[in-house]
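Swiss-Prot has this to say about the protein:
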{"type": "BINDING", "residues": "A33, G34, H35, D53, F79, D100, Q107", "note": "S-adenosyl-L-methionine binding site"}
Amino acid sequence: MEFNHVPVLLEETIENLNIKEDGIYVDCTLGGAGHSSEILKRLSSKGRLIGIDQDKDALKAASERLKEYKNLTFVHDNFSNIKNILEELKIDKVDGILADLGVSSYQLDEPERGFSYMNDAPLDMRMNRDSEFSAYDVINGYDEEKLYSIIKNYGEEKFAKRIAKFIVEKRSEEAINTTFELVDIIKAAIPAKFRRQGPHPAKRTFQAIRIEVNQELEILNKTIEDSVDKLKSEGRICIITFHSLEDRIVKNKYRELQDPCMCPKDIPMCVCGKKPKIKIITRKPIEASSYELEYNPRSRSAKLRVAEKINL
């Protein structure tokens, strides 16, 4: 099994992590280990990297790719559990944390995973294959209102109501089992003139279902705060997002952690006692260069936001 994954914003991420050779770093989304391999190159034997992934295929491939390194610990888990993971490893604080929230190239390119609307496969979309809940359960189990809600909110799809209606109508005849069956339903629901414009008509709906299956947005807010709590002073957190929903959450959470004061604006001094935990390094997100876009088109929607822990 070959886990091909071209890391996005690699140089920008490594630069912004401010890697110390004896530091401890966490790659929350190990994936193809593109970012991790570059971190490890910059660590001494006293440094350490913790690589977390909920996808066993990714961990297996990464362990093979990084087998020469002895200062690396693999963890099969969701990065939302970062506090517990580090506590179990007897690690109090770390120097840097990276999270690349995109679906890996491998997951998209491996048809059987069901992430892609370009290949026919069972409706799956589980990043953690140990989980029992899959895209099949969403498509065949959610009522019309709930389907509409996730497609609208997570996919930002203007035809969410029609798509939800068409899904429910189709599954009343027989279960919807495959990605291509779902693609056909989506295409039928979207008026022809809109199908001919812009990205693939199924893109937004597939994104929405994937987010729901893996509970991606629900865990992000808390995970950012937990991650910041585990950073040393001047430690950095780098988060790469791939759609506006994630980016908005990261941006707003960073702002909240930089300026948590809840006092009314007309009070001359803070009395709520909430102190800033970070300073935002990237006022605007870092995006892929024109050069990177040429060799890695999947970087087109990537945005990197960086924050630094401050002394409390």
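Backbone N, Cα and C define each Cβ position, glycine as well.
Distribution of Swiss-Prot features across the structure.
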| residue | record | DSSP class |
| --- | --- | --- |
| A33 | S-adenosyl-L-methionine binding site | coil |
| D53 | S-adenosyl-L-methionine binding site | strand |
| F79 | S-adenosyl-L-methionine binding site | helix |
| D100 | S-adenosyl-L-methionine binding site | strand |
| Q107 | S-adenosyl-L-methionine binding site | helix |
Taking every protein chain in this structure into account, which of the binding-site residues G34, F79, D100, Q107 has the most other Cβ atoms within 10 Å of its Cβ?
D100
All-chain count of other Cβ atoms within 10 Å of H35 (S-adenosyl-L-methionine binding site):
28
Within 10 angstroms of the C-beta of A33 (S-adenosyl-L-methionine binding site), what count of other C-beta atoms is obtained when all protein chains are considered?
27
